[in-house]
Amino acid sequence: MKLPIYLDYSATTPVDPRVAEKMMQFLTLDGTFGNPASRSHRFGWQAEEAVDIARNQIAELVGADPREIVFTSGATESDNLAIKGAANFYQKKGKHIITSKTEHKAVLDTCRQLEREGFEVTYLAPQRNGIIDLNELEAAMRDDTILVSIMHVNNEIGVVQDIATIGEMCRARGIIYHVDATQSVGKLPIDLSQLKVDLMSFSGHKIYGPKGIGALYVRRKPRIRIEAQMHGGGHERGMRSGTLPVHQIVGMGEAYRIAKEEMETEMARLRGLRNRLWNGIKDIEEVYLNGDLEQGAPNILNVSFNYVEGESLIMALKDLAVSSGSACTSATLEPSYVLRALGMNDELAHSSIRFSLGRFTTEEEIDYTIDLVRKSIGRLRDLSPLWEMYKQGVDLNSIEWAHH
């Protein structure tokens, strides 16, 4: 077993060796290096064929028509294109958007930008377990609501929203529904031929493909229109201009093909490992599971260890690559906005760790992790005056701390 152990698969994944090998064939002179938009020679045709195959592989994993897949630079761009593109196109119908407080920043900050441009956004607070109350969602819908954006799987706590029911609710009212499926694609079944979802964002690097490539699903029946945000040569049916990066697209396609083949067995394996990890640490005193094991993605476990400072815990766990909060926001010292939206106090939110498991995680690594976490929590609490006071029965919430 090699240290450190990587348990941050929700931040990014290593490229699968099969994917890397495939990508290598699309870079150099002796490979397929052409521009897929070059129509006058075989270098272009071969590149275009490779892109078509990858587009099919992505569509097959999610039950879509390949013509509904638009390539982007990643899920952040897909979220921006979906939300800004739909809002701008349909703004004559209304200017009201609904989302939730626990969405990824790529959705939240896009909505903030639209607010500056005169749109009105309702931010729903989830229940304690992170799931959106559908009655609250229904109550928030208005005649001028044009778009709902609610994710499939949360990147920090792993809870799964009921996108099928939300889709039905939106379709019945003629509201466009966007789903950020970055954390769920290739891990949970998605069938867009059955789901009433209009726009869906995908990423390559969360499912063993390369970074810098993603896609946006744009429904054809009923046809959804979006306004381009990137202008140029009119690539991707006018929705996203820019030369297609064939090697990255091929990599994403291959990653999605592998995910489709291995999803069922791999998810059962990961669920087993995640449960093993939770069972190994859940009897530590003052340990709280954030999210919901039953309604959760099989590979994410978010836990708070009370009376332990999150940053010191991460340093104590230096042999584990884990995160407190998501990679996109863990550079700030603010506690996770997702956990705060669940109504958690700052102390608990600060002491949370996200373990996210993946394709190369082993049972041996999980057992090592359990052992290390137990030892580290014990050691850090031995040093903590707060823990000592808690053990003596002092109610820490009732203490008036002196401000120096």
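Along the chain as shown, residues are numbered 1 onward.
The backbone N, Cα and C atoms fix where each Cβ goes, and this holds for glycine too.
In the three-state DSSP classification, ASN155 (pyridoxal 5'-phosphate binding site) falls within coil. As annotated by Swiss-Prot, pyridoxal 5'-phosphate binding site applies to ALA75, THR76, ASN155, GLN183, SER203, GLY204, HIS205, THR243.
Same-chain residues at least 6 positions away in sequence with a Cβ under 8 Å from that of LYS206 (N6-(pyridoxal phosphate)lysine) are, in sequence order, TYR9, SER10, THR12, THR13, ALA75, THR182, GLN183, VAL185. If you look up Swiss-Prot, you'll see LYS206 marked as N6-(pyridoxal phosphate)lysine, on the strength of sequence analysis.
The feature [2Fe-2S] cluster binding site is assigned by Swiss-Prot to CYS328, with sequence analysis given as support.
Swiss-Prot lists CYS328 with the feature active site, cysteine persulfide intermediate, giving sequence analysis as the kind of evidence.
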Recorded pyridoxal 5'-phosphate site residues ALA75, THR76, ASN155, GLN183, SER203, GLY204, HIS205, THR243, farthest C-alpha pair in Å: 30
The one of THR76, ASN155, THR243 whose CB sees the fewest other CB atoms within 10 Å, among these binding-site residues: THR243
Count of other CB atoms lying within 10 Å of the CB belonging to GLN183 (pyridoxal 5'-phosphate binding site): 28
C-beta crowding around SER203 (pyridoxal 5'-phosphate binding site), within 10 angstroms: 27
